[in-house]
């Protein structure tokens, strides 16, 4: 029997999730339909319930509905509660279950695909929005030596320090506060990689870093990664691997087992070239 899944968002035409999940299905021999589901901005819950009525088993949730998905969920995992956001909905036994796989996707990409250890490292996350909030708890679970969140508006970073205190120690900073500091892993969680606007970071901040990582992805280097290259950072990576790994975690939640992500990453990279 073919099961029905989808990715929901607004807009949604750009989503690579159908390609990724169909590739996973091809690996495992599992029959499934996976759609793109465009929801009106003011009609998320109605669209979800209509999908459930069609026999839908699960949804991946993208912008701008991750907070609404959290509010709609009758049961939340710890990582979803920490993030205050849900990107994976499962419809089981009449209940809507919410999870967030973004953070574990990032961790797996860094640790498994890039072979970079997080434990004992000095981490810097740029930005204090939903992308950073979604990955902090899984990063803290890796026991870095330190984790600093830097943001243009320092009070937003300080709010994350308070919220995540139960999961580990987080430091807050403004971009100017980073002058003279060194970090092993620097992760961009802002949207500047999409807009092309440069972050007002101190010159040379990325020079001594083992890994410079941008959560966004696309053709070639993002502006942030180009800066890392110019400052001679050790390794550069965009967020394509994170995208595939968070999808693999959703697959595991829905179907069990773990698909082989490497060939899917390679195929997706070719599609985007």
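We number each residue from 1, going along the chain as drawn.
Placement of Cβ uses the backbone N, Cα and C atoms for every residue, glycine included.
It should be emphasised that the depicted structure is a prediction, and the values quoted were computed from it without experimental measurement.
Secondary structure at residue 66 (active site, proton acceptor), as computed by DSSP, is helix. For residue 66 (active site, proton acceptor), applying a Cβ distance below 8 Å and a minimum sequence separation of six or more within one chain yields 85, 86, 87, 100, 130, 134. What Swiss-Prot records for 66 is active site, proton acceptor.
Annotated shikimate binding site per Swiss-Prot: 15, 16, 17, 62, 87, 102, 217, in sequence order.
Per Swiss-Prot, NADP(+) binding site is recorded for 78, 127, 128, 129, 130, 131, 151, 152, 153, 154, 155, 156, 215, 239, and the stated evidence type is sequence analysis. Look at residue 155 (NADP(+) binding site): DSSP puts it in a helix.
Each of the binding-site residues 128, 215 was scored by the number of other CB atoms within 10 Å of its CB, and the largest score is that of 215. The binding-site residues 15, 62, 87, 153 differ in how many other CB atoms lie within 10 Å of their CB, and the one with the most is 87.
There are 12 other CB atoms within 10 A of the CB of residue 78 (NADP(+) binding site), with all protein chains counted. Maximum intra-site Cα distance, shikimate binding residues 15, 16, 17, 62, 87, 102, 217: 18 Å.
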